[in-house]
Amino acid sequence: MRDKIRNARRIVVKVGSALVTNNGAGLDKAAMGDWARQIATLRGAGKQVVLVSSGAIAAGMQRLGWQKRPHEMHKLQAAAAVGQMGLVKAYEDAFSRHNLHTAQILLTHDDLADRKRYLNARSTLTTLLELGVVPIINENDTIVTDEIKFGDNDTLGALVANLIEAHALVILTDQQGLYTADPRRDPNATLVCEGRAEDRSYEAMAGGAGTGISRGGMITKIRAAQRAARSGAHTCIASGNEVDALIRLTQAEPLGTLLYATSSPLQARKQWLADHLQLAGDLILDDGAVVALRSGRSLLPVGVVEVGGEFERGAAVACRSAGGDEIARGLVNYSSSECRRIARKSSTQIEKLLGYIDEPELVHRDNMVLR
């Protein structure tokens, strides 16, 4: 089973606040530098890595001299704004020592709930990975409240795994992994080495919330693993204090707890497309496009003869034959008005007709499911 992590080409690594800030003592730049070194090693092995890092609020608290986490929302958001500056600078310095560029991306749950913004974020992250850049993601704590209230960066890591169709999510924490009971209270507690992410019994084992610095606790990590599994990603929960933890995990060493998915990212995505999309419009295809889609290819503008309905980029549309039969459905890369302007045209003409080009396809095959 550990080969699932070794074979993962695209990995999301989530690092918790307690690790980043050395349990609230300030940014642990030595540890951050070591994770950068390990991620550089993974990049050298041909893997793409996205880093989801907590720590902005905790770093801000330390800079402001606050010993206890405040309850007032405006103070938490102020701490996040102060701490984010130092957090990103420390990572930039660490990765630059390995000749790696980094990119800061601050997300909110709304960015991933809105289909248009979801596709924009997906395109940006995919481009950064193709350029060899290491994206560093955090929740935009300064303007949102959900993450601050609930300590939700574990869930953010799972959502990012879904966004980029990652093969694995690695959650580094200050614990060894999931235990059958709280090892601080039960001497008979044992480490869960691996199991299906969908196994609901793990929630009972996970217990309650985290510390004053780390807000998540094991329960949010288990739920993040369940969410990641629904998009086909395997999750490993392991100690970030282990020497070379990331490197050893990608060498199939049995560290921490592996919670594996039962379907691949693409299979899971196709199932989601088939089950959950509400159609906003129709694309009527010529015979050549029908054959192309049934052969597993993407839908190009040249194959569309008519556009039905009004919709925005990222909406779900049905791809139909001239006779009205639904051939496929998927997420469209352009709005209905834009689709009408580029229908029956070559992809090379998109930029000339629209003034920009998002994608050469109207619907990419990975965002499409045949009927």
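Using the three backbone atoms N, Cα and C, a Cβ is placed for every residue, glycine included.
Pulled from Swiss-Prot:
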type	residues	note
BINDING	Lys14, Thr173, Asp174	ATP binding site
BINDING	Ser54, Asp141, Asn153	substrate binding site
DOMAIN	280-357	domain 'PUA'
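Looking only at Cα atoms, Asp141 (substrate binding site) sits nearest to Lys14 among the binding-site residues Lys14, Thr173, Asp174. For the domain 'PUA' (280-357), the number of residues in each DSSP class (helix H, G, I; strand E, B; coil) is 26 helix, 23 strand, 29 coil. Taking Asn153 (substrate binding site) as the reference point, the binding-site residues whose C-alpha atoms are within 10 Å of its C-alpha, out of Lys14, Thr173, Asp174, are Lys14. Put simply, the two farthest-apart Cα atoms among Ser54, Asp141, Asn153, the recorded binders of substrate, are 11 Å from each other. In the three-state DSSP scheme, Lys14 (ATP binding site) falls into the strand class. Between Lys14 (ATP binding site) and Ser54 (substrate binding site), the C-alpha separation comes to 8 Å.
Take the binding-site residues Ser54, Asn153, Thr173: by the count of other Cβ atoms within 10 Å of each Cβ, the lowest one is Thr173.
In the predicted model, the domain 'PUA' (280-357) shows an average pLDDT of 96. If you take the Cα of Ser54 (substrate binding site) and the Cα of Thr173 (ATP binding site), they are about 11 angstrom apart, rounded to a whole number.
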